[in-house]
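Enquirer: Sharing a structure, written as structure tokens. Questions coming.
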Amino acid sequence: MRNYVEIVDVTARQILDSRANPTVEVEVILEDGTEGRAAVPSGASTGAFEAVELRDEDKEKYMGKGVLKAVENVNNYIAEELIGMNVFDQVLIDKTMLELDGTHNKGKLGANATLGVSLACARAAAKYLGLSLYQYIGGVNAKVLPVPMMNIVNGGKHADNNVDLQEFMIMPVGAPSFTEALRMSSEVYHTLKSLLKSKGQDTGVGDEGGFAPNLNSNEEAIQIIVEAVEKAGYVPGKDIFIALDPASTEIYEDGKYNLKSEGKVLSSEEMVDYYVTLVNKYPIISIEDAMAEEDWEGWSILTEKLGDKVQLVGDDLFVTNTERLKKGIDKKVANSILIKLNQIGTLTETLNAIEMAERAGYTAVVSHRSGETEDTTIADLVVAVNAGQIKTGAPARSERVAKYNQLLRIEEELGETAEYRGLNTFYNIK
């Protein structure tokens, strides 16, 4: 194996994501003609502390959401720095882009520019070596297939309905393999669709493939999922658990949590009690962004009350950022981090966040964004780092299913060495 393979070309273009918004795609060409390609996702409910997604703001084109500035930054500035570099120097490649940007949040080049390049380089390197991406990133010990955290009922910013909490998910922890987990989840999804139809509910889907029915309360969404799990022939709390993503920053106004569908305005303490009631009543194993991103006091109360029995995931709270994560670890809030590549903007920084979380005994959940493409990098990443959990939407819409299908291929490729840890994934809760 040659240990120095030159990058000879870096090219970006504007493509469309799953919401008909422009996004960045990058191709990296190596000296022997090997090509790596990556496309960048985009979020709807974004944390205030995320790296900057550069948009053109030209209202005459794509409602101002064009990404030609980011494309230009790749083609005119990043390419010039990276051409001639060794594709295997991933850390140096990412460091070079950080230095070229020079801001704390990638506000100059755009995280959508740097991430596209970072991932395309990794893909090109893996392809040159004849390795799958998960093998290249993770090495010989990459073997754990993730428990899917499947969003099957949408509310909040992901749907036009009267449900406040953003995502209601299922986690098939009782499955013996990823393949079986996917089958179980798919069966529950179909059963839920039939159930909603029988109740006269709309079965149109939201951004992430989940259904978006108009329900009387957030709790009703949980109830109908439990009913679907049972009707599909599974046992809630044994075969399949429930996970929530309230996206609480979106409902946090003037220091209070506004549950409009239920006519409730709650303090931090009351919001925690609201979750405690739900956890005591239903088989809920994980809650993401239960409190707002700057409600550190609320997070402390929540972690004290539920931190030993429920996975408490920080998304907007941590934004895949080691500085934010370190603050959370020091304050002893949450016990898990959501990993979104585009929140931070390079592969190296993403891996650093996962490593810091694991050292502190926090679990990591690798995640998509609501605006996705056919790019399957996160499927390889979750296996590469043995994270054990992936959040990539319902088993519907091809930009979501692409990730699940890639995981099926990886499980097949790993054969007998593949592990699906199920309930053991949640090693830091009882």
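Positions of Cβ are set from backbone N, Cα and C atoms, glycine also.
Marked as active site, proton donor by Swiss-Prot on the basis of sequence analysis: GLU208. Summarising the annotation, Swiss-Prot assigns active site, proton acceptor to LYS340. What Swiss-Prot lists as (2R)-2-phosphoglycerate binding site is GLN166, LYS340, ARG369, SER370, LYS391, and the listing cites sequence analysis. Summarising the annotation, Swiss-Prot assigns Mg(2+) binding site to ASP245, GLU288, ASP315 and lists sequence analysis as the type of evidence.
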Enquirer: Would you count the other C-beta atoms found within 10 angstroms of the C-beta of LYS391 ((2R)-2-phosphoglycerate binding site) for me?
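Expert: I get 30 for this one.
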Enquirer: Among the binding-site residues GLN166, SER370, point out the residue whose Cβ has the most other Cβ atoms within 10 Å, with all shown protein chains included in the count.
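Expert: Result of the Cβ crowding comparison: GLN166.
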Enquirer: Rounded to the nearest Å, what's the C-alpha distance separating ARG369 ((2R)-2-phosphoglycerate binding site) and LYS340 (active site, proton acceptor)? Just drop the number here, would you?
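Expert: Per the Cα atoms, ARG369 ((2R)-2-phosphoglycerate binding site) and LYS340 (active site, proton acceptor) stand 7 Å apart.
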Enquirer: Going by Cα-Cα distance, pick out whichever of the recorded positions GLU208, ASP245, LYS340 is nearest to GLN166 ((2R)-2-phosphoglycerate binding site).
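Expert: Nearest listed residue in space: ASP245.
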Enquirer: Taking the centroid of the Cβ atoms of ASP245, GLU288, ASP315 (Mg(2+) site), which other same-chain residues have Cβ within 8 Å of it?
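Expert: Apart from ASP245, GLU288, ASP315, the close residues are GLN166, GLU167, LEU244, PRO246, ALA247, ILE287, ASP289, VAL313, GLY314, ASP316, LEU338, LYS391.
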Enquirer: Quick check for the class: what is the C-alpha distance, in angstrom and rounded, between GLU288 (Mg(2+) binding site) and LYS391 ((2R)-2-phosphoglycerate binding site)?
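Expert: Pair distance, Cα basis, whole Å: 11 Å.
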Enquirer: Spatial neighbours of ASP315 (Mg(2+) binding site) among the recorded positions GLU208, LYS340, SER370, LYS391, defined as Cα within 10 A: which are they?
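Expert: Correct set: LYS340.
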Enquirer: Measuring Cα to Cα, how far is GLU208 (active site, proton donor) from LYS340 (active site, proton acceptor) in Å?
Expert: 15
Enquirer: Work out how many Å separate LYS340 (active site, proton acceptor) and SER370 ((2R)-2-phosphoglycerate binding site) at their Cα atoms, rounded off.
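Expert: LYS340 (active site, proton acceptor) to SER370 ((2R)-2-phosphoglycerate binding site), Cα-Cα distance: 11 Å.
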Enquirer: Restricting to the same chain and to sequence separations of six or more, state which residues have a Cβ under 8 Å from that of ASP245 (Mg(2+) binding site).
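Expert: Once residues fewer than 6 apart are set aside, ASP245 (Mg(2+) binding site) is near ASN151, LEU165, GLN166, GLU167, MET169, ILE287, GLU288, ASP289, VAL313, ASP315.
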Enquirer: Count the Cβ atoms, other than its own, that fall within 10 Å of the Cβ of GLU208 (active site, proton donor), considering every protein chain shown.
Expert: 29
Enquirer: Does DSSP give GLU288 (Mg(2+) binding site) helix, strand or coil?
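Expert: For GLU288 (Mg(2+) binding site) - judged by DSSP and reduced to three states - the answer is strand.
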